[in-house]
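Chemist: Per TrEMBL, ATP binding site is recorded for Lys377. Annotation source TrEMBL lists compositional bias 'Polar residues' at 288-301. Annotation comment: TrEMBL describes 640-653 as compositional bias 'Basic and acidic residues'. The domain 'Protein kinase' annotation in TrEMBL covers 349-631. Taken from TrEMBL, the feature region 'Disordered' covers 279-327, 617-659. The signal peptide feature in TrEMBL is assigned to 1-23. Taken from TrEMBL, the feature transmembrane segment covers 255-275.
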Amino acid sequence: MAISTSSRSVSVVFLVLFHATTCLVVPSFGKTEAEILAAFKASLKNASALSDWDPSAGAVGPCTGGRPNWRGVMCLRGKVHGLNLNNKGLGGTIDVESLAGLPSFRVLGIMNNNFHGPMPAFKKLGSMKFLYLSRNHFSGEIPDDAFAGMQSLKKVHLANNKFSGVIPSSLAKAKRLIELMVENNKFDGEIPNFNQERLNMANFSNNNLQGEIPARFSSLKASSFSGNVGLCGKPLEPCKVDDPADSNNSRFKTIIIVGMVVLVIVAVAIAIILAMQRRKPENDEDSGGSTRAQVGTQTTADLERMERGSAGGPGKKSSPSDPQAKTGVKVSFLRDEDTGKFDLADLLKASAEVLGNGSFGSTYKAGLSSGPVVVVKRFRQMNDVVREDFVEHMRRLGKLKHKNLLPVVAFYYRKEEKLMVFDYVENGSLASHLHGKKNKSREGGLDWPTRLKIIKGVARGMLYLYNELPTMVVPNGHLKSSNVLLDAAYDPLIADYGLLPILNHDHAEEHMIAFRSPDFRQDARRLSRKTDVWALGTLILETLTGKFSTDADVVDWVKSTVPSSLDALDGDMMRGAAAKGCEGEIVKLLRIGLECCEANAEERWDMREAVERIEEVKERDNGGGGEDDFYSSYTSGGGDDIRSSRGLSDDFNHVPLNL
């Protein structure tokens, strides 16, 4: 009897302890992620953009595997990983307490909304990695410990708000920080000492900061600190040390000296002007314009002759009367190894071959007397961009280094002229191999392994762009077969990427590939971070079918041939591939292309998932996966096996954020 009583006591204690322990591990007091997000939404104003956030029983939850079902939700392995709520017109309160109940929450993007007041207590989200608050109306001082304990923070964007006070020192203690944007606020005081080795992108411009710039940031551009009168030290002017005892006397002496110098200069200038007017013949015409204007006029004329194929030539030399020969107008180089190899005069007198006249301007090949052959692109539709923005964007593109991106070698800026210089790629474009003379010159055309190699290279280059340009809505914007160049080994090089921020908007909207996407045509004329995925899908379909992507909608055409999908594939490719048993893998890639072209951007894969699927495709079949498998999978909607995310990286640099 005693044993029975003891057993019951132990059982009761065990049940109590088990119940208490269970309550501890259930997030947010047992709420589901759908209920947590609904509570977060309730704290917002103007949340109509989140109308599909429905936590009711029987409704679809926020995530299915790696696929988000709710607008703005980011998913990873079936859990809510982040929120991309940029450009949604939201206001109200950021309910941090609710978000803290999401165990896998790492990313918050609320840029370009209408949030006001002090910065919320984000330190309650200790595992946060990416925090994007730019372009709101946050104000006031940020507590010094606002980021205490957030050791996973990698990127923090606070730009274009009304924050004041000192930059919190707790940010300097976030060991994994790699990017910090605090420009266009009202921060004052000194810049804290940041010692993070990987912090290679920061902007402190247009605040009220003072003191010496920490040595850690001496390699940044001066524009990253402009608009702060009190800052000094590299990359700005050196700091001056004043002697307090002599400061008043020195200031008075300086005023006297400056005044005297100004008077002398004015007197001399008046004397010179009067003397010149007396000596100038009445019939002498004004030369008009500065050397810069003369150089600009000559540059324009020479470029126009180049476009007609008449400029330069093996024997042409700059005459002594050419303004550029006198002034040595320089282009700006983006690679250290190229600096000083040539200047504008070298380009203008080089032997030139016109390669094409596209919607953005002209392209020609220039053979320099010093040896290298380069490609010069003259852009006519960039007149709206100011010099500072253009140069900054060129520097940003110049930092990109990937084997599948065509690097920008140098650039030249004038209000009327924008030149970009690239390495010359002799093997031509993918378009020329699929549709033009190059196709005829290579026996049998491009085979299946080569086409797969090209698609995989393009995909890797695109993913790199998305990782390195996270704040650009459309990091490429103009992906098409004529902008994919092939080197001697048929490795692809993506060209004309990242141009959207510096092109005249009206012209870009009329001609860029991104603006032909269903995202822009159907979704209130907006682009998204998945727009380039659609362009990648059309490129895949064009590469496999040999059909121009501009032909009456290649996507609809491929869908219409699904019952006989092998018939839609390029005959030249299939004649070589059929003997190798590759049909199943080819069809798999065709299916991936169609998934990338999903008309609904919310249901379309993001760039990382698309690239992961492409990487899975092999040159040869492992059994199964032929035409019948393609038809059954596609017509059934693909199933979870198509849309589920596979191993998104822990770094999550692909976070889709709209600028």
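Every residue, even glycine, has its Cβ placed from backbone N, Cα and C.
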Chemist: Could you pull out which residues elsewhere in the chain have a CB under 8 Å from any CB of the transmembrane segment (255-275), counting only those six or more residues past its ends?
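Modeler: Cβ under 8 Å, 6 or more out: none.
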Chemist: Just to be sure I understand the packing, how many Cβ atoms besides its own are within 10 Å of the Cβ of the residue listed as 'ATP binding site'?
Modeler: 21
Chemist: Using DSSP reduced to three states, classify Lys377 (ATP binding site) as helix, strand or coil.
Modeler: strand
